[in-house]
């Protein structure tokens, strides 16, 4: 089979709802195209990897619990932090400055039709990226995302959260990698609904600021490797 192409588009700093609406637009276009060409193979859909950074916002997955948000609406407004319930999987997480958010909008029918495998592939992309900085990312059994020291309860900490949605095998939402993220925002939530593990960032682990554009370039490289696809920047 010919390699799939993935178009990378960097949306820069963008409001969470605006980015969500754009994802929904791309997903809808692909789903409609698939409905119009049910017998065509490979599927004539367009794959995207969107990068962006959001203003401070907490988002809650469809299976999340409001009690994992430790601030009232008034306190959120006072601190200038947004709150958005979403249709992705997972519980509550934070998005904000210094964090790289990646939203793959890809048609899994042109790769493999297995959501669990898709999540493991996303984790692998991040794990390989972290390795280039001498940071050993790992998986925690039964928990999605990328962790450091997940098998040591005293040291376990999450560096990348993940939550996705899939419609007719077209994905949206994705991953949030803490690069130079202000970690104090995580004090206001029980991140991902997991109370006994900490959250960390790449700059904290390596002891210095890490250029986010550099990290994005490495993520793109490893996305191409792991998914065995051609990755091109949006023109």
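Using N, Cα and C of the backbone, Cβ positions are placed for all residues, glycine too.
Annotated domain 'BPL/LPL catalytic' per TrEMBL: 43-231, in sequence order. Confidence annotation: the domain 'BPL/LPL catalytic' (43-231) carries a mean pLDDT of 95 in the model.
Residue 163 (substrate binding site): 26 other CB atoms within 10 A of its CB, across all protein chains. If you look up TrEMBL, you'll see 88, 89, 90, 91, 92, 93, 94, 95, 161, 162, 163, 174, 175, 176 marked as substrate binding site.
The site 'Lowers pKa of active site Cys' annotation in TrEMBL covers 158. The 10 Å shell around the Cβ of residue 158 (site 'Lowers pKa of active site Cys') contains 24 further Cβ atoms across the protein chains shown.
Residues or ranges marked as active site, acyl-thioester intermediate in TrEMBL: 192.
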Diameter of the substrate binding set by C-alpha atoms, the set being 88, 89, 90, 91, 92, 93, 94, 95, 161, 162, 163, 174, 175, 176, in angstrom: 15
Around the Cβ of residue 175 (substrate binding site), the count of other Cβ atoms that are within 10 Å: 23
